[in-house]
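Each remark here refers to the structure printed beneath this line.
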Amino acid sequence: MMPSRTNLATGIPSSKVKYSRLSSTDDGYIDLQFKKSPPKIPYKAIALATVLFLIGAFLIIIGSLLLAGYISKGGADRAVPVLIIGILVFLPGFYHLRIAYYASKGYRGYSYDDIPDFDD
């Protein structure tokens, strides 16, 4: 049992906190302060990046098929806006998925901290 701290004047323990002496060979450092905590994986941000990637890829494919004339004969007036929106949605999704992949594989220079997270 660990000794509790006592009030010297009355001899009564002043709290329920247990104290113990530090070893005399201790240099003031503990191993826990040097251990790296496991990275916090931003699952919501990765899910959003996946959705953006898939929607963007779908819009790029549809825009390409519209431009080629396989879906309808509308021509470039319908295909170009779909392609532009597809590219604008695809690029952030691809970028963040690439960071998440490299961070999960442990590549140097990539971490989950580079992915913006929803702080909730």
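Here the Cβ of each residue, glycine as well, is placed from N, Cα and C on the backbone.
Record features (Swiss-Prot):
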- SER15: phosphoserine (MOD_RES)
- SER23: phosphoserine (MOD_RES)
- SER24: phosphoserine (MOD_RES)
- 51-71: transmembrane segment (TRANSMEM)
- 79-99: transmembrane segment (TRANSMEM)
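Below 8 angstroms of C-beta separation, residues 78-80, 82-83, 85-94, 96-97 of the same chain, each at least six residues beyond the ends of the transmembrane segment (51-71), sit close to that stretch. With a cut-off of 8 Å between Cβ atoms, the residues of this chain six or more beyond the transmembrane segment (79-99) that come close are 45-46, 48-64, 66-67, 110, 114-115.
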